[in-house]
């Protein structure tokens, strides 16, 4: 109990040197395989390894042999429930993507089958999503008019879906799933809200029964479009929209013909030779990332409810494969939509089998029931979309952001405003840029804290946070808050020299005992680079020149290793590096007392001599 | 002395809430004015403030009144010394920039005068630099051939210089000087070495006396250029170059006519209406940043030798003004070159007055001596450049980087290889990108450490670094290494759950006492955002579900504030947040003992009842 005395402090350990290749291997493992996905393969015979491997890459092989009638009953009910949601949603979202409605139905058939085989979530229901649909329409629509050149537009949508799939699968294979993490919670809240607002605005076309409409998605062009043709507003349609489904049968504006039959093969439709290939690739990558972010987040959330684990990178491969397969069978971009997954979960699904049931139900619809949808009015589709979208505008989350973190709120609002007044990409790019800049700024401008001693303890804490903490006379204790890198080394050097200057000025004005030691608490400095080491050397020179002494406390393994290699440790002297701030202060105090008593001896000698 | 007992721990303080505007103000001050440049203005009368303000913005007003004859003598010697360097260097670097040699001389006249008035360094000698000259020639030369369209090329060089100046001054005024910090030490070492190599390769033209030469700067095109015309190598020139200045008078290849007279005004030459304006702006910004990085770094280094302070932002304004003035008086880009400043320092300069002396000496040269330079052979210029460049290839620094930090070495080498095999911009962009990615990666993939108790103390340290540290039975102590942000929140959640899983597996296999508590040491988590708070909430849910208890140790002010606002603190319970890991462990141990003795009592009761 209690810290060891400062005369016999525990030395700061330099961790044992690892061979270069081993440390590179460990670094790669921690960076790319943080969840250690192959831990179950260890110490297994080869045959078992093969089976585990197959089950790892095709999870249906794991759960299908254990599938029971009980599980099937639960999945059947859940599957039929989500199929009943999938059909109107599929048609609505396809029209949002300016695609023929039947493609929305096709997209609820093949991709869920692929996901059921490869996906690791038990709750995720596969389908198209509104935001990605809107993005496709706004990005491809800029290049090709879906009304005038419908065939090319559909081909480009398939091509974009293909590249989404390739990109998603590649991210998964390369274990680069963390790219999705750069869409922060705040960005997604703002972006979804903005996209939902834009989607709702787009529905004014259907609700008001307008024929011509803006191709832009921003508030200004939609409003101009709406109010420039007030004489064309169809009031019967508006009333119908406001009363939603009540007057379903009274109207005659229908969605058009739906062909009977299953998905046609569309490999030949992939427009790799088109002059718009670049646009298709760009659309594919952007929509792919957004769809991935939603799907992975949804899968993770529900996995957490039921306490099982999802491998994000494996999910990405499943999403990628499902979209590649989809693009070859007349489907457009699919992912795991929140609404459909929530319904699936509430309906009591047990395995990915519910996706197979849904696919079967959609197949039956495609084979026999499509003519019935001939008479669904456009205004009903608009109403369905608006109802789904309103749930995405999560103003409570935005209020929470404001309360907890003003900067996150700014990110969220800029995503919202960017989407509503600019375009979907603008909002996204602004929000991601602000988030990254904020993170870079926090690294480039780390905070330094003045530490004080908490009374009756050997604990040292920031005086800002703990006003009870006391200064130690003659000693300035500073804590650095982040890793020291090239981006903040200059700043820290200037800030530390300002701390010293200010402390000396203060002591001068109050007449306190003069400054003798500067202790840098490096507990929070997880790593550093050569610029950081040079910075410490310059700080040492500067402190030496002022006649003070630099003392380091608790350098971490990365830092002490580099200090040792750069010879800084020898310049400083090992005895000036301590394990804790407490020990460093005790050593300083001991030296201060020693020099004081020496001075006293000298004074007494002087006095003696003068006598 | 010793830690307080765990029954009466000091509570973790939430720092007093600051008004929103005040905290924004403080944040801006710490970000943009870390050195508090206006501290001397505090508590001064208005007239004194005005004088201080003038002296702040025009430092010559501060030192000129105190200028003595002693100082002048020192500056005179230093000034004449650097002028003797400035003339051949100016001519050489101008030819490197594909500009008429006389412009190199002009550039050593006006800019030093401007710097002497506005600059805050006492040692910096102003002049043109090789790397920026090469960049100008390679970037502008791509658009306009300096031989075929010399007038336009010169105009574009002036325009680029103008924009460099505007950009540099703007950075200073907006206090955005930290942008320069993103050029890390490793980047600069590699970049300078690469540029020096390229410059030396370019001199093969002069050394071998070739007439036609590659416009590319990369190794491949230069080598192809050299070896495709072996029959045109002028051996006499080669021998001359190899023996440097020995055969100076034997050769007849001269630099051409130099006009007598001072700098002509060139405001009308600024080509704002040119179709190449974009190129000029791009060249200006890139060369401006590089020149700035060199100038500021050089100024800082020598200020540190003499122990005075340089304000980086003020220096930028001075550089900017000097280049704006230069671009209007037939000068091209200038900064504070390392070589010339080192000579100035060694010659004993005392103030920026040595720049005025140098300018005066160059003026005399321009007025009377230029005809003498008529007979300086090209090969001599090439030799001068090569001699200066060889010093910039700092292979020892590169070896040092390899020893201390492998990643910095990779940055350095990629800058070098990028410059030598690609182009100057390519090298720069690659190196900055790798540096930034490395920094982002360190934030996106923070390290987590398992802590153990150092024997006979209340200190807890990483078991990796201190193998003597012991596990606490039933308690898992994890330390998180960096601020928790959106970019690492998902990773940390997965990594923490893997730590728990692995610890439980280990305990199961060794038959140790089962895990009861997970302590997260947040000492190194300087700040967080809403994603970080959600992550902690999810970790808590996950830990609860496994029947364990989450305990937090030492949350810092930013973190505890946000925990409080987000209600997470209430979910967790204040009694599970401790000031130190030691206290948290003591509390866990107390509860473990309490529950064990309860179990014992229960066992005894059972035994009793059974009897």
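For all residues, glycine too, the Cβ spot is worked out from N, Cα and C.
Annotated in TrEMBL:
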- B:465-588: domain 'STAS' (DOMAIN)
- B:67-87: transmembrane segment (TRANSMEM)
- B:124-141: transmembrane segment (TRANSMEM)
- B:153-176: transmembrane segment (TRANSMEM)
- B:182-201: transmembrane segment (TRANSMEM)
- B:233-255: transmembrane segment (TRANSMEM)
- B:275-296: transmembrane segment (TRANSMEM)
- B:317-339: transmembrane segment (TRANSMEM)
- B:351-369: transmembrane segment (TRANSMEM)
- B:376-393: transmembrane segment (TRANSMEM)
- B:413-437: transmembrane segment (TRANSMEM)
Legend entry - Tally of DSSP helical, extended and coil residues in the domain 'STAS' (B:465-588): 66 helix, 22 strand, 36 coil
Legend entry - Ranked first among B:67-87, B:124-141, B:153-176, B:351-369 for CB pairs under 8 angstroms with the transmembrane segment (B:182-201): B:124-141
Legend entry - Two-stretch contact, the transmembrane segment (B:351-369) and the transmembrane segment (B:124-141), at least three Cβ pairs under 8 Å: yes
Legend entry - Listed stretch, out of B:67-87, B:153-176, B:275-296, that has the most CB pairs under 8 angstroms to the transmembrane segment (B:124-141): B:275-296
Legend entry - Averaged pLDDT score, the domain 'STAS' (B:465-588): 88
